[in-house]
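First up is the structure itself, then whatever we jot down about it.
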Amino acid sequence: MNKKEQRVNQFQKYVEAFRCPLCKNTMAIVGQQSLVCSKNHTFDFSKNGYVNLLSNGSNSHYNKTLFESRHQIISDSQLYQPLHDILAKIIRENMNSSIHQYLVLDAGCGEGSHLLKIMEKQVFIGVGLDISKEGIQMAAKRYRHPLWIVGDLANLPIEDSKFHTILNVLSPSNYKEFKRILFPGGLLIKVVPRSNYLRELRELLFERTEKERYKNDATVTLFAKHFQLLDIQRLSYTTKLTAYEMRNLIQMTPLAWSAKESRINTFLNQESTEITIDFDILIGKN
Ligand SMILES: [Zn+2]
């Protein structure tokens, strides 16, 4: 069985969780190669077995180099490991063991590395969704297990009340859609940066701390408007990066897009550096 056939078979088990992004009708797998809705809108599986469920073309800022760097820093360095541990733990603690197929959506999964790392620590049915075709392509090519979908947060190709948990890691939200696809009582876990996130990098690139930019008050208020805020867990630590890891960090972060070349080089010319991770993890109940 090739990769595409395996993926199509996996999709078959959960096909009732998805819906057509154009007419919102249910879909079925036809001919082992397409998702087709009752009005005949057709979405083909790619060679690697992901499916593009965008109602119109994607217009993503992110490219392959960025996703490759993001993959390397998330998968091969220890930078985000404590984050993966805590997210797996939160899912585990809230999981109802009587539910046979516990569905978790990573909304805005990029090239999928965070989701994969979390799934190594906790078993559930993972679905990664991102608007970037490049990101999903890379995820489907690299990783065997989760289901990968190109899709729009504002028009999720998912039926009502189908998911038990949504992960939303350093990525935009659409609370109305999140509420719609979660079971009553389902969980939203949102990771947002705090003021010291990547502080050393920002100080070097911009010669000042941009604390204002990372104020979370408005985010928390908006979150609590839509979800019952159960808890906010703060995760803060400092870790050492090698020169290779620093290069990947620079390539994956939008911070560097607006920085001067000379400052980027100053950062990269260090042999190693300390880097601070500083997050709030918002946990909400539907
Ligand atoms: Zn349709």
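The backbone N, Cα and C atoms fix where each Cβ goes, and this holds for glycine too.
TrEMBL does not curate its annotations; it predicts them automatically.
Pulled from TrEMBL, these are the features on record:
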| type | residues | note |
| --- | --- | --- |
| BINDING | Cys20, Cys23, Cys37, His41 | Zn(2+) binding site |
| BINDING | Tyr80, Glu111, Gly112, Tyr197 | S-adenosyl-L-methionine binding site |
| DOMAIN | 18-54 | domain '23S rRNA (guanine(745)-N(1))-methyltransferase N-terminal' |
| DOMAIN | 104-186 | domain 'Methyltransferase' |
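Features per TrEMBL, on structure.
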| residue | record | DSSP class |
| --- | --- | --- |
| Cys20 | Zn(2+) binding site | coil |
| Cys37 | Zn(2+) binding site | strand |
| Tyr80 | S-adenosyl-L-methionine binding site | coil |
| Glu111 | S-adenosyl-L-methionine binding site | coil |
| Tyr197 | S-adenosyl-L-methionine binding site | coil |
### Query
Cys37, His41, Tyr197: which of these binding-site residues put a Cβ within less than 6 Å of any ligand 1 atom?
Cys37, His41
### Query
Cβ-Cβ under 8 Å from Cys20 (Zn(2+) binding site), same chain, 6 or more residues apart: which ones?
Thr26, Met27, Cys37, Ser38, Lys39, His41, Pro157
#### Entry: Those binding-site residues listed as Cys23, Cys37, and which of them has the most Cβ atoms within 10 Å of its own Cβ
Cys37
### Task
State the non-local partners of the domain '23S rRNA (guanine(745)-N(1))-methyltransferase N-terminal' (18-54) in its own chain: residues 6+ outside its ends, Cβ under 8 Å from one of its Cβ atoms.
3-8, 11-12, 131, 133, 136-137, 139-141, 147-152, 155-159
### Message
Can you give me the average pLDDT across the domain 'Methyltransferase' (104-186), rounded to a whole number?
### Response
96
### Query
The record names Tyr80, Glu111, Gly112, Tyr197 as the residues that bind S-adenosyl-L-methionine; what is their largest Cα to Cα distance in Å?
21
#### Entry: Distant-in-sequence Cβ neighbours of Gly112 (S-adenosyl-L-methionine binding site), under 8 Å, six or more positions away
Asp106, Gly128, Gly135, Ile136, Met138, Ala139, Arg142, Tyr143, Pro146, Trp148
### Summary
Of the binding-site residues listed (His41, Tyr80, Glu111, Tyr197), the greatest number of other CB atoms within 10 A surrounds the CB of Glu111
#### Entry: Between Tyr197 (S-adenosyl-L-methionine binding site) and Cys23 (Zn(2+) binding site): CA-CA distance (Å)
41
### Query
Helix, strand, coil residue numbers for the domain 'Methyltransferase' (104-186) per DSSP?
26 helix, 29 strand, 28 coil
